[in-house]
């Protein structure tokens with residue numbers, strides 16, 4: 001992932017950003033000073049483990065991200081569903097620069113406005129979070145956009161949109177992490193959709209554990225998005241290392 005040379009990102013102006021139903025005030029960063037990505041995105045430049053922060057834990061999203069980065073995570077998705085728009089903005093605004101310090105990718109779940117405002121690398125949009133093409137128009141070609149798909153109609157829509165850097169396919173199995181869960185796909189369902197995506201890189205998602213990673217790899221996915229498996233028993237570092245080792249082993253088979 002090629003970046004423009006430069007060591008600092010300066011605040012250029014302030015504006016009101018509308019997130020949900022309430023306007024919030026936030027700092028926006030100058031595009032001319034922002035490190036940027038050149039499309040098309042090469043999936044080999046992204047870590048195969050996308051690590052999601054999670055609501056409902058004793059640790060804040062910032063504390064979760066910090067532990068993950070120290071453990072070696074290099075792709076963080078800030079998935080904060082609870083809290084006000086301002087609280088989500090503030091949290092993402094602390095995590096995004098921390099990720100840059102560690103040389104890690106930071107994407108924000110759901111909100112294009114927040115992703116732009118905090119100088120994240122991109123956004124992940126679920127099936128009800130807005131049009132992918134509209135997000136691309138707003139974010140430009142330099143930022144990462146990922147989308148969630150669950151069925152053949154979603155896959156066709158992703159191809160027609162022609163603007164996604166990757167897709168998340170799931171759920172792999174039932175999970176309590178996500179509300180309003182789509183139909184479970186399992187290995188066969190994921191593999192079927194991977195084959196229909198005309199080469200769009202796929203990260204499988206939904207209740208995935210280290211034991212699943214050989215099948216995830218065999219499905220044609222280039223990685224996995226993980227949440228619950230990271231925080232099990234509070235052993236974030238050990239869990240990340242176990243997942244990372246399992247993926248590396250899966251790549252050898």
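Residue numbers in this text run from 1 along the chain shown.
Including glycine, each Cβ sits where the backbone N, Cα and C put it.
Since this is a predicted model, take the numbers as computed values, not measurements.
TrEMBL has this to say about the protein:
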- 51-230: domain 'Thiamine phosphate synthase/TenI' (DOMAIN)
- 77, 78, 79, 80, 81, 109, 148, 178: 4-amino-2-methyl-5-(diphosphooxymethyl)pyrimidine binding site (BINDING)
- 110, 129: Mg(2+) binding site (BINDING)
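Features recorded in TrEMBL, as mapped to the structure shown.
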| residue | record | CB count, 10 Å |
| --- | --- | --- |
| 77 | 4-amino-2-methyl-5-(diphosphooxymethyl)pyrimidine binding site | 26 |
| 78 | 4-amino-2-methyl-5-(diphosphooxymethyl)pyrimidine binding site | 30 |
| 79 | 4-amino-2-methyl-5-(diphosphooxymethyl)pyrimidine binding site | 21 |
| 80 | 4-amino-2-methyl-5-(diphosphooxymethyl)pyrimidine binding site | 22 |
| 81 | 4-amino-2-methyl-5-(diphosphooxymethyl)pyrimidine binding site | 13 |
| 109 | 4-amino-2-methyl-5-(diphosphooxymethyl)pyrimidine binding site | 22 |
| 110 | Mg(2+) binding site | 21 |
| 148 | 4-amino-2-methyl-5-(diphosphooxymethyl)pyrimidine binding site | 22 |
Coarse DSSP state, helix versus strand versus coil, of residue 78 (4-amino-2-methyl-5-(diphosphooxymethyl)pyrimidine binding site): strand
Length of the line joining the Cα atoms of residue 81 (4-amino-2-methyl-5-(diphosphooxymethyl)pyrimidine binding site) and residue 110 (Mg(2+) binding site), in Å: 9
Residue 110 (Mg(2+) binding site) versus residue 80 (4-amino-2-methyl-5-(diphosphooxymethyl)pyrimidine binding site) - Cα distance in angstrom: 9
Assigned element (helix, strand, coil) containing residue 110 (Mg(2+) binding site), judged by DSSP: coil
Across the domain 'Thiamine phosphate synthase/TenI' (51-230), average pLDDT on the 0 to 100 scale: 94
Whole-number Å value for how far residue 110 (Mg(2+) binding site) lies from residue 77 (4-amino-2-methyl-5-(diphosphooxymethyl)pyrimidine binding site) (Cα to Cα): 10
